[in-house]
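Report on the following structure.
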Amino acid sequence: MWMETKTEVEEASRTHASFSRRIFSGLLLFNGDMEHLDKYMEDKSFVLQLGVWGLRGVSRVILANNPLSGGLILAALYWASPWQGLLGTIGILASTLTAVITGQDRAEVSGGLHGFNGMLVSLLMGVFSSAGDWYWWLLLPVCLGSATCVFLFSGLSSFLDRWDLPAAVFPFNIILILYLLCTGPDNPYFPHHSTTPPGALEPNATELIVIYGIPRGVGQIYACGDLGPALLILGAVFLYSPLLAVHALLGSAVGTLAGLSMAVRHESLYSGLSGFNGALGCMAVGGLFFTFSLRTHLFAIASAFFSAYADIALSNLMGTVGLPACSWAATLVATLMLLLTGSLAAYRIPIGQVRAPECNLRLRSQWEAGNVEERESTDV
């Protein structure tokens, strides 16, 4: 009797463990880059493929590459503002379709690389427009600006490839500044708000509410300052890579701390504007373009501080003429980090081989294990 009970318990335990493994394996299918989905979509209709390419482009804004993450992020944008969600959708479709029509590299198009700059341009045009929501004439510069990003991205990629550097969001930063300079705040058709330097008003206080600016800093990567949608965006990053999500929060916290130390405006702290460049700088170094280790983790924190302080400096400089600093700080700092030599360069991942941080770490471990075995066999 006792033996039968023990056998039943063991079988139940094995069944439960097998069920848990199946659930975990199923969850892993939606984690990381979801490369298996590309193979599945090869023989599907163009409309379905375009949808997946677009969703990958949505997630590329925050350095991810996962269509489910892109879907969650797009839902967060519609939650925060249906108008902004619509602008983002139009922007990513305009740029992706332009890439298809102009015959850009299929792997780049399917990976969303030609979509994310267009989405950012459309979102920021909506944010800076002083004409209010549902101003349909804004769709004209949104479509044109998003399409132009494709040509800038292609040209800059050819130029930067010789140093194995990504074009990143250089096209977005360039197009947005050119648009704001062309239109001006009093343009009768496309008026926009002027930007105020972050240190121009009263010094900040250190209320506990500043903590809310940390998750909002992640949302501000998509120009979304609402707490709920920002948390959903953070969850989308966690779905792609828990390691990347941790660095996003850490970088935003560093950016907020940097803003406190420079006494920037309350609004910049609470809305997350002080944190998003720090988040981007920390994510780029902390596992995406470099294999994660204690050394690269420390460099990621340094990159976050550098990005945050550079953003404050650039915001004060460009704010004097009513222009935003956008994500110039994080883009320039990440590019600088990729050009570094020495110990950090040993952890750098070639741009064409960048995957989810956990995948990068696993591949490096396998490569190091293979080298050890090869040396041992050579010694023998």
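In case you wondered, yes, glycine gets a Cβ from its N, Cα and C as well.
Taken from TrEMBL, the feature transmembrane segment covers 61-79, 85-102, 109-128, 134-156, 163-181, 237-260, 272-292, 298-318, 325-347.
By the Cβ criterion (distance under 8 Å, sequence gap of 6 or more), the transmembrane segment (325-347) is counted as touching the transmembrane segment (272-292), at least 3 such pairs being found.
Using a cut-off of 8 Å between Cβ atoms, the transmembrane segment (134-156) and the transmembrane segment (272-292) share fewer than three residue pairs, counting only pairs 6 or more apart in sequence. Sequence-distant contacts of the transmembrane segment (85-102), counting only residues of its own chain at least 6 positions beyond either end whose CB sits under 8 Å from a CB of the stretch, comprise 50, 53-54, 57-58, 74, 77-79, 108-109, 112, 114-123, 125-126, 138-139, 142-143, 145-147, 149-151, 154, 222. Taking Cβ pairs closer than 8 Å, the transmembrane segment (272-292) reaches residues 62-63, 166, 198, 213-221, 225, 230, 241, 243-244, 247-256, 258-259, 264, 299-301, 303-308, 310-312, 327, 329-331, 333-334, 337-338, 344, 347-349, 351, 354, 357-358, 360-361, 364 in its own chain, all 6 or more past its ends. Outside the transmembrane segment (163-181), and at least 6 residues removed from its termini, the chain residues within Cβ reach (under 8 Å) are 116-117, 120-121, 124-125, 128, 141, 145, 148-149, 152-153, 156-157, 192, 289, 322-324, 326-328, 331, 334-335, 338-339, 350-351.
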